[in-house]
C-alpha cells in the first residue's frame, strides 16, 4: 500500500481494503480507551479509529495528536455497526481501523475554529487566510471558480479564439480610473502603469490580424474600495474582428449558457432578453435591473400634472418626474417610524424626502392625502393598480434622483420583503447606451464606457452638434442586478477617433501624447472590431451564491487595499528607493 | 450569403459556391484590364479576381485599393485554368470572382513589407508590432503558444489540479532578484512589489489544504535584460501536497510528453533521463547541458599530474583541473588565427588562455607539445580517443572556470560545426543540487534555488556544520541546453526554516520582518509539499524552433525594458506623484 487514498471517496465498496490516508485532523475524540479522529483532505472527511487491539503504537502516537495536525495513516476500511453509522457524514457508513500513524507535521491550536458558520471577525480570518480557506464552503467556491474559468476557456477554444497575454507593465493613460504606477529604474523619472483593462492591447491584437482573442486578465484600479471592489480583479476579456454587436452578444450568451450549465447544471433560455438603457432606467431606476422581482417604478407625472402639492408641483415645474413604488400588501407592516427609516435611506441618493400613501378601507390615507384631489387619488390608484393594504412610496425630483432613489429603494424592499427568488439566474442585456455623459464639475463630456466606443452609425452626424444625444454601439450584461460586464464595437477609423477625442476635450497634443500609437495604428489597416469584458470575480460570486467578493478571491485585500496575511504594502529599503530615484514626500 | 467564409479554407470543393470574404490586401496586381488581389485573413490567403464582366463597380472600387486595406468581398469560387494554378498557395487551385467590394478601412503604406524573411531592424518592427505580427511565422507562433497552454491546462485539469490566481500586488521580499515596486496611495511611504514568482503564495495554498494547484502566472524581475530575459515573463506554476520529488518529476514529464505530442506530434520517451548536478558539470561544463551532441569534457588532470608545463602545473597545484574538448576532425579547419578567436571567447568566462594540440601525421603537434613528455602525449591521445585530424582544446584553471569556459566553448563549437540535430527534443532532469552557494563578496551563503527549498533528509545534520555539502531536494528540467524550469520539495517544518534563515545570515528580526507570516503559517498544520515552475515563454520558443524570446511574447519589451509601441514607461503628471507622496530625486 504505497498509493494514497482520498478520505472522502471511501464507502462500503472499500470494506476490508487497506488504505493510506494523508490529511488534517478535523476533530479528535477519546472514548472508552479508543481514539477517534475525523481526518480531512481535499476530498472530504473519514473517521479513523485507534484501537489497542489493532495497534498499541498507533494509539499511543494518536494521544499526542491535536486539531490540524497533519497525519499519515495506514489502516483498513471496516463497516460501522448500524448504531454508529453517521448519516450526515458522506463516508459515515464506514470507518478506518488504524494500524500505523505518522505525524507529518504538528499544529498549534488555530486562532479560530474551522467550521462553516462563523462569526469570527473578517480581519482575523484574512490574517490567517490559510486557515479560513480550509473551510468547506471556501474550498467549494474555489473549485467552482476553477470550473467556471475552465468552462469559459473550453467554450472559447472550441469557438476558435486564441488565448493571448497582454503586458502588465504598460503606459499610464489617465483617462479613466486612477492608475497604479511602477517607477522605472532604467528610465529615471518615468513610470509604467498597471493596466485598468487590456483595452488598447486587445484592439492592437485585432490590428495584428488575430481576429479572435481572449484572456482571463488581471486588471488594476487604484480607487477607494467598496465591498464589491478590489484593487486587482480578473476579467474575461474578449475581442473579435468583423463581427456585429448582435453576433458578439449571441456568442457571449451562448458562452454564459455553457458556463451556467457546466457549473450549476441549470439551463438558461436563449436568446437573453434585451432592454434599452432608457427603458431600464424608467422601469427599474437602474442600468442593471434585478428582474427577479417586479415592483417596477410607476410613472404618475401625468396624473399629477396639475397637482397643487408643492413637492410634486415643484418637481414637475423644474422638468423632473413623479414616480411611485407600489409595495403590495405592506401598508400595515410599515409604521410611520419604519417609513422614516426608508426616508433616511432615500436621502443618501439625493431625495429630499419620501412622500407616501396607504390604501386602507377603500380609502387613500396618509399625511399628503389632503393635498390631492379625488380625481388625482383615483388616477394614482388606477395607475398603480393599488388595492387595500398597499403602500405607495413616491419619488418627486429631478429624473436622475427619482430613478436613483426609487431604484435603490426597490432593491432594498425586494430584499427586506423576501421578494427575490434566489434560485433564478436572470441575465439581461442593456443596450442603446448614451455615448457620452456631461460632467458639470469638469464642464466637459466624459465617455460613458470608454473613449474607444463606436457611436451608433445613425447618430454619427450628431457627434459635432448634439453629442449628448449620440448613442453608443455598446451593450452591458446584467445578472441578478449586478453588472457582469460590458462591451461595444470600437472605433476603427482614425477620423472618428480624432473627433471623439475632440468631443472629450483633448487637445491635438494631448491626444497625440497619450494615444498617438493608437491613432497611428488606426491608419494601417484596422479591421472593424469589438468585444466584451466580464468580471470573473463577480460571476463566480453569483454562481456560488455568495455576497462578498472577497470570498471569491484567494488572497483578497481589505477596504484599505492591505493584505493582512503578508502585510503588504510595506516599507522598503532606502537602497531600493535610491535605485529608482524616488523619494517619499511625507504630507504634513 | 451573410455568413463569413475564411479565405484559407477554400478549395475545389467550394467551386461555384458564393462566398463572403473579409480580410486584408496582401498583394494587388493589375493585368490585362483585370485586378488580382491576394486577400489574407487569419486562416490564410486566397486570390480574388476583379473582372469587368462580373462587376464593373467592384473593379472600379478595386482600383483604389492598396496593400493592407481591409476589404469585404462577395463573389463566387471558380476553378483556375490549369496554367494559372499556383502550387505554392494552399488555395492555389481556385480563385474568387468578385461581384461586390466594400472597403472596410483604408491603410497607409506600411513602414515595412509583411513578408517572412525580413531584415528590417527589430526596433522598427517593435514600434509597429501590430504590423509585424501579421507575418505568418508570428501568427503561427502565437497559435502554438495558445495550443501549448491549452495542452498544459488539459493535462493538469484532468489530473485534479485547480487553477488559482495569486496576487500581483504583493509584499517586497528583497531576497532574490530586484523587485518592481508599486507605491501605495493609501499607505503613505509604503510599497507593493510585483511578484518574482508566486512561491510563497503557492506554499500558502498548500497550507490552505488545496493539495494540487497550478497557475499560468505572470512574474516580474527588474534585472538588466539579456536576449533571453524579459521584465515580465510567464511561468507554469505548480504545487502539490503529499507528493515525493519522484512523483512530482513523473507528473511533470508526463505533462511535457502530452504537450510535445499535442503541439508537435512528437513522442517523447519516458522516463526522462536524470543526471546529478556534479555529473552534468563534469561532463558538459554546464548545469543545463545540451545533450543533442557529444564533445563532452575529457578530464586529464591525472594524465598531467606531474606535468612541468606551467599552465597545467599551476592549475593543478592550486587545486584546479585540466580538461579538454576533442574537436573531431577539425584540426585543419582551425588555423592559429581561428584558435585565437576561440581564445578571446573563453576569456569572457575567466579563462586566461586556451592551450591546444592537433593530431596530424600520427603526431601530437602545437605550441605546447614541446612541454609534454611522450608518456603524457600518449596518455592524452588515449584518454581523448584522439586520432589524426583531431583538435584538442584545453581548459586549465580553477574547476569553475574550466567548466564554464569549456562548457560555453562546447556549445559554440557545436553550433559552428553544425553538430546539433535541431529536430531533437532532449529533455533532461538535473538532480542532487547543492542547497547553498557561498558568495565571496557578501561573505555569506545564498540559497542556490530559494530559501524555502528542502535539504535532502540525509544531509539535514550537516546544515550547522558543513552547509556547503548539503544537497537540496531539488530538480531542474532542461530542454536542448535551456533551463525550462525547476522545482523542489519545500521546507514544511518551522525549525528547519528557522535554521535555513540562520545559515543564510538572517537575524531573527529580519526573518520575522520579511517572512514572519510564513514562519507563523508553518506552525498551523503545514503539509509536506513541493512543486515546480516552468518558463512558458522559453518552452514556446523551443517548441516553435525560435531563438529569440521576444518572438514568443505578444508585446515584448526591449533590452532597456521599453515598450516601443506604446512608449512605456513614460512620465506622469505631478498630480499623480503627489497623490502617491513621491518625488523624483534626479541623480547628478
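Cβ coordinates come from backbone N, Cα and C, glycine included.
Between the stretches A:191-194, A:195-198, A:199-202, TrEMBL puts its region 'Aspartate' entry on A:199-202. Annotated ATP binding in TrEMBL involves A:221, A:222, A:223, A:483, A:535, A:536, A:537, A:538 plus, out of the candidates A:215, A:230, the residue A:230. Spanning the listed ATP site, residues A:221, A:222, A:223, A:230, A:483, A:535, A:536, A:537, A:538 have a farthest Cα to Cα distance of 20 Å.
Its Cβ placed at the centre, residue A:221 (L-aspartate binding site) has 19 other Cβ atoms within 10 Å. In the region 'Aspartate' (A:199-202), the DSSP tally of helix, strand and coil residues is 4 helix, 0 strand, 0 coil. Counting residues 6+ beyond its ends, the region 'Aspartate' (A:199-202) has Cβ neighbours under 8 Å at 166-167, 170, 173, 213, 215, 237, 239, 450, 452, 515, 518, 531 in the same chain.
Each of the binding-site residues A:449, A:490, A:538 was assessed for Cβ neighbours inside 10 Å, and the highest tally belongs to A:490.
If you take the Cα of residue A:536 (ATP binding site) and the Cα of residue A:221 (L-aspartate binding site), they are about 15 angstrom apart, rounded to a whole number. Remark: residue A:483 (ATP binding site) has A:287, A:288, A:476, A:477, A:535, A:538 as non-local neighbours, by Cβ distance under 8 Å and separation of at least 6 in sequence.
Taking a C-beta cut-off of under 8 Å and a sequence gap of six or more, residue A:223 (ATP binding site) has these contacts in its own chain: A:177, A:178, A:229, A:231. Over the region 'Aspartate' (A:199-202), the average per-residue pLDDT in this prediction is 96.
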